[in-house]
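Colleague: Straight from Swiss-Prot, here's the annotation block:
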- Gly13, Asp14, Glu15, Gly16, Lys17, Gly18, Lys19, Gly41, His42, Thr43: GTP binding site (BINDING)
- Asp14, Glu15, Gly16, Lys17, Asn39, Ala40, Gly41, His42, Thr130, Arg144: IMP binding site (BINDING)
- Asp14, Gly41: Mg(2+) binding site (BINDING)
- Asp14: active site, proton acceptor (ACT_SITE)
- His42: active site, proton donor (ACT_SITE)
Amino acid sequence: MGKNVVVLGTQWGDEGKGKIVDLLTDQAAAVVRYQGGHNAGHTLVIDGEKTVLHLIPSGILRENVQCLIGNGVVVAPDALLREITKLEEKGVPVRERLRISPSCTLILPYHVALDQAREASRSEGKIGTTGRGIGPAYEDKVARRGLRIGDLFNPERFAVKLRELLEYHNFALQ
């Protein structure tokens, strides 16, 4: 049986987790991203080529490494698709090696609007958010009302849940 290695950060910032994971990836069969969003990035330099990743685990740049995005990650579909496209343009077979949990909560435009509006309304107590909707998406996840990746495969359910969410959040944006 293989062993599992877990890299945890406790500083909520640029601690070098990505670099450590990248160092360990040569010996890994899989790399799993279990939480977070596209607000942070990690830069990898492999064979002199620089790549910046925000959502996709760094193992994607290593042959034969499966990459998994777990349900604790909040996913901005537009950011994910941009990252996939950039990697595929470099010849990385992303679609063959990336698996995404259908339970991942989606970051939608209203999450971004809420995040930015809240930060703008704070006079002195700004928290320094990236304004990418991460916090509001996690609020929906914890409250069990968020749209998830799996909802994209059921258009009727997606439409009903989206309508409910827009009604819930629109009052805060008016």
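Each position is counted from 1, following the chain as shown.
Cβ from N, Cα, C; glycine included.
Explain the structural surroundings of these features, please.
Modeller: In three-state terms derived from DSSP, Glu15 (GTP binding site) belongs to neither a helical nor a strand segment and is classed as coil. In sequence order, Gly9 are the residues near Glu15 (GTP binding site), counting only same-chain partners six or more apart with C-beta under 8 A.
Within its own chain, Gly41 (IMP binding site) has Val52, Leu53, His54 as residues 6 or more apart in sequence whose C-beta sits under 8 angstroms from its own. DSSP gives Gly41 (IMP binding site) a coil state; it is part of no helix or strand.
Within the same chain, residues at least 6 positions away in sequence whose Cβ sits under 8 Å from that of His42 (GTP binding site) are Lys17, Gly18, Lys19, Val21, Asp22, Val52, Leu53, Ser58.
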Colleague: Counting only residues 6+ apart in the same chain, whose Cβ is under 8 Å from the Cβ of Asn39 (IMP binding site)?
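Modeller: Within the chain, Asn39 (IMP binding site) has Cβ neighbours under 8 Å at His54, Thr130, Arg132, Ile134.
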Colleague: For the binding-site residues Lys17, Lys19, which one has the sparsest Cβ surroundings, going by other Cβ atoms within 10 Å?
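Modeller: Fewest other Cβ atoms within 10 Å, among the binding-site residues Lys17, Lys19, is found for Lys19.
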Colleague: What is the number of other Cβ atoms found within 10 Å of the Cβ of Gly16 (IMP binding site)?
Modeller: 13
Colleague: Taking the Cβ of Thr130 (IMP binding site) as centre, how many other Cβ atoms lie within 10 Å?
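Modeller: The answer is 15.
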